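K.L.:
Structure incoming, see below.
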Amino acid sequence: MEVKPLKKLRLYGFNNLTKTLSFNMYDICYAKTPEHRDAYIQYIDEEYNAQRLTSIVTEVARIVGANILNIAKQDYDPQGASVTMLIAEEHLGPENPDNDPFSPVYTDKEGPLPDAVVAHLDKSHITVHTYPESHPHGGISTFRADIDVSTCGQISPLKALNFLIESFAPDIIVADYRVRGFTRDVDGKKVFIDHKINSIQNYVDRKYRDLYQMIDVTVFQEYIFHTKMILKDFDLDNYLFGTAKKELSINDKRKIKQRLKKEMAEIFYGKNMPRI
């Protein structure tokens, strides 16, 4: 869905509103043996390494219409990766003295100007961190990725929401969106939000709304929007790593399904739960 601005809103000077989308996604699987668990962690670590994450956040920057100032990326030992990208609404550089917003992206190879880093370090940025984990009890392994897209000015991180869902295809999503600060119209009146929204679901494509069960917690007067999403359909084949469903007995299938559903419910509701 397009981010629609409020009608007839004319601002004075720069748009000082800060808009932040926090996107937390979870992938859950059953890995029967220690070897399977190690293989799952290794697979996730390679699938979502720093280079792959950099490609994802670079596309996020393109989608929201931001220019890249700098990129820092790191793979961690024994597992995990992170990427931090500084972005700006307008291109800043010696070949763009007029701050033309349609000029080419400023790449990490060229590097940002020092004052650009200072100006945008705590406001316009994209970060992603990954957290693979497993536990020997129960055979459950999980992968979490946290993505934060924070912008100031007219660009909106909500534009990247569907791309992030497509990129990770997660089992569970916890999304938070908030707007902070204020800007002013030409008459000096404060503007605390500059676009229409009553739920993050407004910006989720129908094909994903059909796939996920969703619940909202909205504090509109504080410009806080919270949406949780969990896949509606459960196919055990999609959650087995290193083991085929046909290799399991009916009783094993039932037990594994119960463990996985319990794990997913606990993550979705954010609390430990009795046996399902």
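Every residue gets a Cβ built from N, Cα and C, even glycine.
For reference, Swiss-Prot lists these features for the protein:
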- SER124: active site, schiff-base intermediate with substrate (ACT_SITE)
- HIS129: active site, proton acceptor (ACT_SITE)
- CYS152: active site, proton donor (ACT_SITE)
- SER124: pyruvic acid (Ser) (MOD_RES)
K.L.:
How many whole Å apart are the CA atoms of CYS152 (active site, proton donor) and the residue listed as 'active site, schiff-base intermediate with substrate'?
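P.N.:
Cα-Cα, rounded: 6 Å.
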K.L.:
Look at each of the active-site residues, SER124, HIS129, CYS152, and point out the one with the fewest other Cβ atoms around it within 10 Å.
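P.N.:
Per-residue Cβ counts within 10 Å for the active-site residues SER124, HIS129, CYS152 bottom out at HIS129.
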